[in-house]
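Asks: Grabbed the feature section from TrEMBL, which reads as follows:
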TRANSMEM  42-61  transmembrane segment
TRANSMEM  73-92  transmembrane segment
TRANSMEM  138-157  transmembrane segment
TRANSMEM  177-196  transmembrane segment
TRANSMEM  281-301  transmembrane segment
TRANSMEM  308-328  transmembrane segment
Amino acid sequence: MSSPVAVNPAKRFRQLTKNINIWTNLLGVDVLAPKVKFNYRTWTTTFAIVNYTGFTIFSMVDNGGDWRVSLKASLMMGGLFHGLGKFLTCLLKQRTMKRLTFFACNIYEEYEGKSEVHYRTLDMNIDRLLGLMRGIRNGYMATFLLMTILPMAMLLYDGTRVTVMQYQIPGLPLENNVCYSITYLIQLVTIGVAGCGFYAGDLFVLLGLSQIFAFADILQLKVDDLNAALDRKSEARALVSLGATITGEERRQELLLDLIKWHQLFTNYCHTVNELYHDLIATQVLSMAVAVMLSFCIILTSFHMPSAIYFLVSAYSMSVYCVLGTKIEFAYDQVYESICSVSWQELSCDQRKLVGPMMREAQNPQSIKLLGILPLSVRTALQIIKLIYSLSMMMMQNRT
């Protein structure tokens, strides 16, 4: 019986990026390709977006004078902006996404061989990323399966005809069995594209953001190496006579400069990720917050099962990045505490001057902010939920 072959972190990371790219490629966007090329999958995704937009606007206008019909038809408009933001990001920023992915892969290849600790750190980060991916995948699968199975279940249970998505196609009355089947199949394709798009977009964002944790852990290892060298300097001082020269100063200077360069790389990476994804993240959080509010208002008027399920989808999509934003804040705190833990008393005056700017920069990390105002965190999610509740109550009190 052969023993399992160990796969190093760099190979795991490369394979992981290929697997993630498969999901975006299903929608017609090959992020890792030299250049984006439109194919039939790209046009299928575009058709699904245009199809949903057109029929939803028609259903909102053709409401028979009942504002509740328009409200239900607009239920998934938040998901439209959410998915459209991810699709356009992959199309318009594909080169930056590819460059960032290859850059992270080169870091893994460079650092996995430095020591066993670096190897385990990078391996642990991939395990952490896989755990986040499983959580997001399971959440999306559960909610989207409910949305697609519910119409069939209600039809078989008591004959109620409910659509997957809250719009009707002109000329296809739901009372007719053939028309209902065609509507269901068209909406099934649309919801399938939406589900794949939501998941694929989240995966590449997670891939970029999760490397912040790995880079913060590597910075901690560099601080540990510097502190170990400074501790040896302290021990050597006790063994030599007063005024004697302590060897190893070049090595300590090299470790300090390596730490400073890595922190600058870390800061530049965080800035690039922020510039790349902050519009997408803001679009997802705010659009799904609107979807939560619409779902909540519909449920307050009368219980509506599709709205209740989409309420869970929207709340889940809104909270994913807020939770991740809080974890990133913890990573920034870790970086700052690591720099503060440097044995300052063993540094020379010139070396302390070098560390000072790095500490000031660590005090002002490249935090992701929604609309440039609200930090991406669980606290912001709670504030949005409070605002949603207040606006929903106000809308329902003023309804006519």
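Cβ coordinates come from backbone N, Cα and C, glycine included.
Automatic, uncurated: that is what TrEMBL annotation is.
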Asks: Would you say the transmembrane segment (308-328) and the transmembrane segment (177-196) are touching, if the rule is that at least three C-beta pairs must lie under 8 angstroms and be 6 or more residues apart?
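Replies: Contact between the transmembrane segment (177-196) and the transmembrane segment (308-328): absent.
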Asks: With contact taken as 3 or more Cβ pairs under 8 angstroms (pairs 6 or more apart in sequence), are the transmembrane segment (281-301) and the transmembrane segment (73-92) in contact?
Replies: yes
Asks: Does the transmembrane segment (138-157) make contact with the transmembrane segment (308-328) through 3 or more Cβ pairs under 8 Å, each pair 6 or more apart in sequence?
Replies: yes
